Amino acid sequence: MEAPDYEVLSVREQLFHERIRECIISTLLFATLYILCHIFLTRFKKPAEFTTVDDEDATVNKIALELCTFTLAIALGAVLLLPFSIISNEVLLSLPRNYYIQWLNGSLIHGLWNLVFLFSNLSLIFLMPFAYFFTESEGFAGSRKGVLGRVYETVVMLMLLTLLVLGMVWVASAIVDKNKANRESLYDFWEYYLPYLYSCISFLGVLLLLVCTPLGLARMFSVTGKLLVKPRLLEDLEEQLYCSAFEEAALTRRICNPTSCWLPLDMELLHRQVLALQTQRVLLEKRRKASAWQRNLGYPLAMLCLLVLTGLSVLIVAIHILELLIDEAAMPRGMQGTSLGQVSFSKLGSFGAVIQVVLIFYLMVSSVVGFYSSPLFRSLRPRWHDTAMTQIIGNCVCLLVLSSALPVFSRTLGLTRFDLLGDFGRFNWLGNFYIVFLYNAAFAGLTTLCLVKTFTAAVRAELIRAFGLDRLPLPVSGFPQASRKTQHQ
């Protein structure tokens, strides 16, 4: 064999080993996420749905739970996708020729983006509808009962739903795109219609993030205040403990002497209220035993960090709005190449990259808090060991929509300069200047409005409490009308 043949063979072997290495790394990453999500979901599922007398229902719920675990793992991978890419780029810049990080390259990052895009499509369009129809199915009338009968019914329902969605996407694309070939042909399903459908879903996710993130940024202050121990100047734990003990004693007296009240009592409701008060009293005892460092330093530092992160997010978006008006390069776009480690995506270098990662995670947590705080989705909020299977499916779908839109959301707001890889950069609406500009302006305006409203309401409540106006008796709404009637008489 000649020397050129050896060179060709060595290049092929190297490409083969790199491909195998990427597959192993991707599999290990997904397995880790899958195990974490499975542990997380088992803490919220209803144990009664998996230990029923009917083995068929238990089997169906177990299969649906595995599909939900897969979907939630993909959602978590979508959240980690952009931060992992930014950190990888900075690591390659700092250690360009290190032997121990040869596995970290542009091909691996690009492959992870493509896998997340593929499995997000698969979960949203096929797996989650299959899981929902599978849990609700009973088999066709006249067919034999069993899991296989449910599978047949679910597959038929899924095929009908696929045809319906495909027809709607075809009509929508024909209306938006005036190209006659797209109206007459359905052959380019994988190349055009499926990415177009995911583009619509991603756009809905970005709009959902636009609504939920400002609300979550405002709610983060109150949520953090409930989790941390406030200074004694801001809360009186002794008074709360006294009130809790007094209410518990009153409810216990009602339970022990039900004949003392002439109204019928709901004993089950009273027992639940007593248990809730006992749990609240235990939490208050723990908060009272907190150290002075936790009480006087932890809460102010946490509030200061939240205020800095929120203000920094609004400032970056405001700067990005000005850049959109001046420079066309500020528009979000896709990156087809896989070369990383060439240039930093932050003007501040590694420090700026760390700030970008922290802001991305902060906005994602805020969007989840805002999502579950909104009145429309509050009923979806999972409960510890008391969440139905259909509710778990709904939560997984919503979290996947939010997380898969996070890279587009971050790049649209200018939180990072890292361009979108793979099919994430092929969305049609990303090139529309008016959509991107209005989106940035709406985010900055809504976030500022929510923060101003939250802080003014908090300051107003503290002033009312400080002046003792909260102890004043409130006027009865019907009293003035009654006085007028007596005057006329």
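Keep in mind that glycine also has a Cβ here, set from the backbone N, Cα and C atoms.
On the 0 to 100 pLDDT scale, the region 'Interaction with LGB' (1-59) averages 77 in this prediction. Sequence annotations record features per position, and here Swiss-Prot assigns region 'Interaction with LGB' to 1-59 based on experimental evidence.
The region 'LCN1-binding' annotation in Swiss-Prot covers 1-76.
Look at Swiss-Prot and you will find 1-21 (among others) tagged as topological domain 'Extracellular'.
Per Swiss-Prot, topological domain 'Cytoplasmic' is recorded for 43-66 (among others).
Residues or ranges marked as topological domain 'Extracellular' in Swiss-Prot (evidence: sequence analysis): 88-114 (among others).
When Cβ-Cβ distances below 8 Å are used as the criterion, the topological domain 'Cytoplasmic' (136-154) is approached by residues 56, 59-60, 130, 390 of the same chain, each at least six residues removed from its ends. According to Swiss-Prot, the topological domain 'Cytoplasmic' annotation covers 136-154 (among others), on the basis of sequence analysis.
Annotation source Swiss-Prot lists topological domain 'Extracellular' at 176-196 (among others), citing sequence analysis.
Marked as topological domain 'Cytoplasmic' by Swiss-Prot on the basis of sequence analysis: 218-305 (among others).
The feature topological domain 'Extracellular' is assigned by Swiss-Prot to 327-350 (among others).
Sequence annotations record features per position, and here Swiss-Prot assigns topological domain 'Cytoplasmic' to 372-388 (among others) based on sequence analysis. Long-range contacts of the topological domain 'Cytoplasmic' (372-388) within the same chain: residues 43-47, 49, 211-212, 215-216, 219, 394-395, 398, each at least 6 residues beyond the stretch ends and with a Cβ under 8 Å from a Cβ of the stretch.
Summarising the annotation, Swiss-Prot assigns topological domain 'Extracellular' to 410-431 (among others).
Here Swiss-Prot flags 453-489 (among others) as topological domain 'Cytoplasmic'.
Per Swiss-Prot, transmembrane segment is recorded for 22-42 (among others), and the stated evidence type is sequence analysis.
Proximity of distant same-chain residues to the transmembrane segment (67-87), defined by a Cβ-Cβ separation under 8 Å and at least 6 residues beyond the stretch ends, is recorded for 29-30, 33-34, 36-38, 40-41, 109, 112-113, 116, 119-120, 123, 127-128, 130-131, 340, 345, 353, 356-357, 360-361, 364, 392-393, 396-397, 399-400, 402-404, 406-407, 410, 416, 418, 421. What Swiss-Prot records for 67-87 (among others) is transmembrane segment, and it gives sequence analysis as the kind of evidence.
Nonlocal intrachain contacts for the transmembrane segment (115-135), taken as residues 6+ away from its ends with a CB within less than 8 angstroms of a stretch CB, comprise 26, 60-61, 63-64, 67-68, 70-71, 74, 77-78, 81, 150-151, 153-154, 157-158, 161-162, 165, 194, 197-198, 201, 389-390, 393, 396-397, 400-401, 404, 422-424. Annotation comment: Swiss-Prot describes 115-135 (among others) as transmembrane segment, evidence class sequence analysis.
The transmembrane segment annotation in Swiss-Prot covers 155-175 (among others).
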Worksheet item: How many helix, strand and coil residues does the topological domain 'Extracellular' (88-114) contain under DSSP?
Response: 19 helix, 0 strand, 8 coil
Discussion item. Within the same chain, where does the transmembrane segment (306-326) have neighbours whose Cβ lies under 8 angstroms from its own Cβ atoms, ignoring anything closer than 6 residues to its ends? I mean 6 or more beyond.
Written reply: 217, 220-221, 224, 355, 358-359, 362-363, 413-415, 433, 436-437, 440-441, 443-444, 447-448, 451
Worksheet item: Counting only residues 6+ away from its ends, which parts of the chain sit with a Cβ under 8 Å from the transmembrane segment (351-371)?
Response: 79, 82-83, 86-87, 89-90, 208-209, 211-220, 223, 309, 312-313, 316, 344-345, 377, 398-399, 402-403, 406, 409-410, 415-416
Fill in: the topological domain 'Cytoplasmic' (372-388), counted residue by residue under DSSP: helix, strand, coil
5 helix, 1 strand, 11 coil
